[in-house]
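S.K.: Before anything else, here's the structure in question.
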Amino acid sequence: MARVLLTCFFILISSHLGKSSGVFELKVLSFTSTSSVCKGSSDCQIFFRVCLKHSQALILPEPPCTYGTGMSEILSADSISSSAYISVPFNFKWPGIVSLIIETWNAETSDQSTENNNNMISRLATKRRLAISEDWSQDVHLGRQSQLRFSYRVVCDEFYHGEECSDFCRPRNDTFGHFNCDAAGNRICLPGWKGDYCTEPICLSGCSEENGYCEAPGECKCRIGWEGPLCDECTRHPGCLHGTCNQPFQCTCKEGWGGLFCNEDLNFCTNHKPCRNDATCTNTGQGSYTCICKPGFSGKNCEIETNECDSNPCKNGGSCNDQENDYTCTCPQGFYGKNCEVSAMTCADGPCFNGGTCMEKGSGSYSCRCPPGYMGSNCEKKIDRCSSDPCANGGQCLDLGNKATCRCRPGFTGSRCETNIDDCSSNPCQNAGTCVDGINGYTCTCTLGFSGKDCRVRSDACSFMPCQNGGTCYTHFSGPVCQCPAGFMGTQCEYKQKPTPVNSPALPAALIVSFTLGLITLTLVICAAIVVLRQMRQNHKASSTTVRNNLDSVNNRISLSPTSPLGREKEAFLIPGGPFKVSNKDMALRSTSVDTHSSDKSNYKQKMVDYNLSIDEKHTNNKLEKNSESTLLVPPLNYPKEGVYHPVYIIPEHIEQRVFATEV
């Protein structure tokens, strides 16, 4: 919503930027004329008209007034003063040079009419350069019958500024701007704001321009991933305990810490300093340590001070006085020494050894001044500066006479070998490995996919956990993962999975109904087909039986003499010129109607002869085409009604060479 309002505001401002507004003002200071002007009227009424036109070399008083026009009120001629005020507003850029026309008119009526030029008293037409100013310019016009004194100026309307009244500026302090305006129309931003329209707040000094922003002056709001008063501190990864970041949501572990969230203590001695009383601390693992106490102290952290007098070191009745890391013995009369173990002697006894110098004391005792390298009440002890084991962590003590020097084991340093050298300081572990400091060495805990002392060697995580039973190994960020084949399970596919019984889903009722209807329909179709086939076979069988019976009745007639007419008629059924006969299979007999009138036998015989001739002719032509199909048609004959023979038709069929025997 705010964006829409801001857009509307900019459109409104743009419309004002293309608009100008001002007013031309004129005041008549005095007007005098001859008495003949008012034509003897006792109360002469006049008014003034101002016409502004564009700059013209020859000023034409005729309209139009291109820049505007204005009239004064009707005034009495003898009471003209500064009350005659005329204004001509304009809404364009002020050009600076105009043609000014001032006319004085006689008002015959209350109407300010300028149509009758006889009522015009005077006219001033001049060109003026008028600059925008609050100051009035004065001028005098001397005519033939009048004198006009006037002043004029051009000023801009409120919120318009500049030499042309074209600069719009209205002070405001709201969502659309926070500014005031100077005399020239320039926007002066209020404190805490900037921008062309003073809509951008000035953030807190030092606030990061890249990582911070503000919605009000003096604020500094951080973007995601940054924090701090000036938004110049990156936000660590959530849960990061002992780490830093250079970019948002990083967790770079400090020295001595490791792990994803830098919560694993790898250098307990450095981070916590648990050993007290100047004891030497040694890291022994993740979160563990060992304190090597100085003499006079004990306990896990060397926090317990040892009382050296508990062992009763003073002899011969001497009293023990406990001190820090030491004790003193107060010896009875006649004894001296560290532990009052030496009885009193004099220098005459030569008590000092190893070249010591004996010195008498007033109490009847003596003291020995020992040469360098010896000590003791009688200089009997050779100074062994290594006897106190000053070298820690297995360092070798070297007595050089005046002082002792420690030769440290590899991995330790310091005057007493008390400091364990941090072998992880050089960050030897590569590929994001975690370094654990040891004694004269270090151990790298490598991330997934790397191995070796310094985690430099890429390794296959699947080689450490092979998958069984044909499983496929994949490398996951958490470690190797096995994808088991069907029937196996487990982290390495080592377990056989019991088969799950499969329950056949119940068939839908609609499917059962559809299947039943389809089966019934198929059964009906098959039955109908069987009935039709049986009917066709019966019809065909009946036709064949009828033909066979007719042929048998013909062939089984009694044998006739060849010379008789009937014998010759029978011979017509034989194929001439060969041993073939027409069989019952190749014949089809059809009964035809016989003419009711009897014909003579000569006619009958003639027809039979014609029939035989036609057969002989046909048979002769077909001898060369034994394997081709032929049709032999015997035209129907008119037999006597009482005759015993009927006409015979030969059914077309492929003729093969066969021998037919028919008994007659």
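The backbone N, Cα and C atoms fix where each Cβ goes, glycine too.
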S.K.: Quickly, which of Asn173, Asn612 does Swiss-Prot have down as N-linked glycosylation site? Just give the residue.
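M.R.: Of the listed residues, Swiss-Prot records N-linked glycosylation site for Asn173.
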S.K.: Choose one of Cys397, Cys417: the cysteine that Swiss-Prot connects to Cys408 by a disulfide bond.
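M.R.: Among Cys397, Cys417, the cysteine that Swiss-Prot links to Cys408 by a disulfide bond is Cys417.
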S.K.: Disulfide partner of Cys340 per Swiss-Prot: which of Cys331, Cys352?
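M.R.: Partner cysteine, according to Swiss-Prot: Cys331.
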S.K.: With reference to Swiss-Prot, which of the candidate residues Cys352, Cys358 participates in the disulphide bond with Cys347?
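M.R.: The record-listed partner cysteine is Cys358.
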S.K.: So Cys231 is in a disulfide according to Swiss-Prot. Which of these is its partner: Cys222, Cys234, Cys240?
M.R.: Cys222
S.K.: Say which of Cys406, Cys435 is recorded by Swiss-Prot as the disulfide partner for Cys424.
M.R.: Cys435
S.K.: From the disulfide-bonded residues Cys156, Cys275, Cys291, Cys462, Cys482, pick the residue whose C-alpha lies nearest to the C-alpha of Cys446 (disulfide bond).
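M.R.: Of all the candidates listed, Cys462 is nearest in space.
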S.K.: Over the span of the domain 'EGF-like 6' (382-418), count residues by DSSP class, listing helix, strand and coil in order.
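M.R.: Summed by class, the stretch gives 0 helix, 11 strand, 26 coil.
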S.K.: Using Cβ-Cβ distances, find the residues under 8 Å from Cys406 (disulfide bond) that belong to the same chain and are at least 6 apart in sequence, listing them in sequence order.
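M.R.: Long-range Cβ contacts: Pro390, Cys391, Gly395, Gln396, Cys397, Leu398, Ser415, Arg416, Cys417.
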S.K.: Could you check which of these disulfide-bonded residues, Cys169, Cys203, Cys214, Cys275, Cys429, Cys462, sit within 10 Å of Cys220 (disulfide bond), going Cα to Cα?
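M.R.: Qualifying among Cys169, Cys203, Cys214, Cys275, Cys429, Cys462: Cys203, Cys214.
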S.K.: Spatial neighbours of Cys429 (disulfide bond) among the disulfide-bonded residues Cys165, Cys169, Cys245, Cys455, defined as Cα within 10 A: which are they?
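M.R.: Final answer, ordered: Cys455.
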S.K.: For Cys467 (disulfide bond), which residues in the same chain are close in space, meaning a Cβ under 8 Å from its Cβ, but six or more apart along the sequence?
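M.R.: Cys467 (disulfide bond) has long-range Cβ partners Cys473, Cys482, Gln483, Cys484, Gln492, Cys493.
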